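Q: So that we are looking at the same thing, I have put the structure below in structure tokens.
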Amino acid sequence: MINYHFFLIAILFITIIHAERARNDNLDDEENYLNTNNNEEDIIETIKRFLGKSKKTTTSKPTSDAISALITTTSSSIPTDKYGKKFNDACGVGNPCKNGGTCRTLPSGRHYCYCTDQYYGRNCEKKFKSTGYNTNNKITKNSCSSSPCLHGGECVPSDKTFFCRCKTPYYGTNCNKRLSKREEILDELFERYN
């Protein structure tokens, strides 16, 4: 039952996002696809009200029938928006994340891998070295001496360079990128209902 509710919430959220994208297909930067007439906070507030986390009041939670009315499915049961465009599930065809990494599909349609402590990389394909030495036995600990990892990320020396283990919601080479509010909410929903 919990997974069913998570699925409905996620589909509602994705439907809102895809509807906004459909109206704004001419935007080049997918990070800025919300129309300026719509307030991102209102969309987030709608999801929070549905989850019962909002301080704003609502008359009632939407029923599963109301949510189902927002979504149609194709004969192959792939969710689509009201324009018939299929949702892109980057994690659905097989987990692109290696070595025990957990895959999440971001609202942009791309995947994001949450790697275990021992691995890193776009698909968790690279393993952290357990020592500060490269294969030539040269010390590489100095590559972390400048504290290159931002937002509390942990610097791990590897070969002649370093890698950052970033704290959520940050990612990127130096933990310099942040998941959007939408991606954070989807991540929270996934953690809560799985």
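Note that Cβ sites are derived from N, Cα and C of the backbone, with glycine treated the same way.
Please treat TrEMBL annotations as automatic predictions, because they have not gone through curation.
So TrEMBL lists these for the protein:
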{"type": "DISULFID", "residues": "CYS115-CYS124", "note": "disulfide bond"}
{"type": "DISULFID", "residues": "CYS166-CYS175", "note": "disulfide bond"}
{"type": "DOMAIN", "residues": "87-125", "note": "domain 'EGF-like'"}
{"type": "DOMAIN", "residues": "140-176", "note": "domain 'EGF-like'"}
{"type": "SIGNAL", "residues": "1-19", "note": "signal peptide"}
Q: Measuring Cα to Cα, tell me the gap between CYS115 (disulfide bond) and CYS166 (disulfide bond) in whole angstrom.
A: 10
Q: What number of additional C-beta atoms lies within 10 angstroms of the C-beta atom of CYS124 (disulfide bond)?
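A: Total other Cβ atoms inside 10 Å, all chains included: 22.
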Q: What is the total of other Cβ atoms whose distance to the Cβ of CYS115 (disulfide bond) is within 10 Å?
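A: Excluding its own Cβ, CYS115 (disulfide bond) sees 23 Cβ atoms within 10 Å.
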Q: Fill in the CA-CA distance, CYS166 (disulfide bond) to CYS124 (disulfide bond), as an integer in Å.
A: 13
Q: Relative to the Cβ of CYS175 (disulfide bond), which residues of the same chain, six or more apart in sequence, are found under 8 Å away?
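A: Looking at Cβ-Cβ distances below 8 Å from CYS175 (disulfide bond), excluding near sequence neighbours, one finds CYS149, LEU150, HIS151, GLY152, GLY153, CYS164, CYS166, LYS167.
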Q: Restricting attention to the domain 'EGF-like' (140-176), give the mean pLDDT.
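A: In the predicted model, the domain 'EGF-like' (140-176) has a mean pLDDT of 80.
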Q: From the DSSP assignment alone, can you count helix, strand and coil residues within the domain 'EGF-like' (87-125)?
A: 0 helix, 10 strand, 29 coil
